[in-house]
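Undergrad: Here you go, one structure.
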Amino acid sequence: MIKLAPSILSADYVNLQRDIEKIEKDSEYLHIDIMDGSFVPSISYGPGWVKAIRPISNLILDVHMMVQNPERYINDFADAGADLIGVHVEATPHIHRALQMIKNKGVKAEVVINPGTPVEAIKPVLYMVDQVLVMTVNPGFGGQKFLPETVKKIKQLDDLKKANGCNFDIEIDGGVNNETVKSAYEAGATVAVAGSYVFNADNPSERIEAIKQATK
Ligand code: DX5
Ligand code: ZN
C-alpha cells in the first residue's frame, strides 16, 4: 500500500489547522510546496509556514522546494522543522552540495526531477538520497493532469534501486488520484502526493482511503 502525502497547496489557508486535522490520522507525510515565482511562476509560502505547522502535526513534514538555487534557504527550512527537504536537480548547478547541506542538518534528503528531465541526470547522487521525487506534472500549480509518460522513469528508478541495493523511497507528485496512482504504484512508487483530489472533497479521508485501496 502506498504512503500518502497530502499537499496543503489545495487546503483552505484560513482554516489550515482544521484541514490538517482532517487528514492527519490517514496520512504518513504532509507535503508543503514552496514556490518562489522564479523556478516556477507561482509564489506560495516560506519557512514561516513550516515553523507554524510543526507544533500542530506529527506527520513527516515533506518540504518540496520549487526554488531557484535552493542552497540559499535549506538551513532556514531545516531550522523551521522540516523532516525531509526536496531540491530540484534543474534548480542548481550544485545538486550534490545542496543534498549535502540537507544531510548536514540531520534532515532527510530528496532529489526531484521534472517531467522533461531523465533519470540519468540524478544517477550520480542516488547513493546519498532518502527519497526521489518524480514529478508527474510540470511543477507550479495544483489541479493539473497526470502525465503517464513519467511512469517509465519510476520503473527505471525502481530497477536501479534493486540493482544497487539502495532503499530510497520513490514519491510521485501531480495529478494523483485513485486511478492515476495505479500504474505509478505498479512501477515502484512508494509515496503519493495528492493535493486537489484530497482537499477539494467534502471528506478528504475518503479520498485518501480510495488511493490506498487502489494500491493494495
Ligand atoms: C505542483 C505541486 C504539487 C501540487 C499537487 O507543482 O508540486 O505538490 O500540490 O497538486 P495536485 O495533486 O492537485 O496535482
Ligand atoms: Zn509538490
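Each Cβ is built from the backbone N, Cα and C atoms, and glycine gets one as well.
Residues or ranges marked as substrate binding site by TrEMBL: SER7, HIS64, GLY140, PHE141, GLY142, GLY143, ASP173, GLY174, GLY175, GLY195, SER196. The annotation divalent metal cation binding site is assigned in TrEMBL to HIS31, ASP33, HIS64, ASP173. According to TrEMBL, the feature active site, proton acceptor maps to ASP33. For ASP173, the entry in TrEMBL reads active site, proton donor.
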Undergrad: Provide the number of Cβ atoms within 10 Å of the Cβ of SER7 (substrate binding site), excluding the reference atom itself.
TA: 24
Undergrad: Are there any residues at least 6 positions away along the chain from ASP33 (divalent metal cation binding site) with a Cβ closer than 8 Å to its Cβ? List them or say none.
TA: SER7, ILE8, LEU9, SER44, HIS64, MET66, GLY195
Undergrad: Test of understanding: give the count of other CB atoms lying within 10 angstroms of the CB of GLY142 (substrate binding site).
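TA: Excluding its own Cβ, the number within 10 Å is 18.
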Undergrad: ASP33, HIS64, GLY140, ASP173, SER196: which of these binding-site residues put a Cβ within less than 6 Å of any ligand 2 atom?
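TA: From ASP33, HIS64, GLY140, ASP173, SER196, counting a Cβ under 6 Å from ligand 2 as near, the near ones are ASP33, HIS64, ASP173.
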Undergrad: Quick check for the class: what is the C-alpha distance, in angstrom and rounded, between GLY175 (substrate binding site) and HIS31 (divalent metal cation binding site)?
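TA: Per the Cα atoms, GLY175 (substrate binding site) and HIS31 (divalent metal cation binding site) stand 14 Å apart.
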Undergrad: Whole-number Å only: compute the distance from the Cα of HIS31 (divalent metal cation binding site) to the Cα of GLY140 (substrate binding site).
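TA: Approximately 14 Å lies between the Cα of HIS31 (divalent metal cation binding site) and that of GLY140 (substrate binding site).
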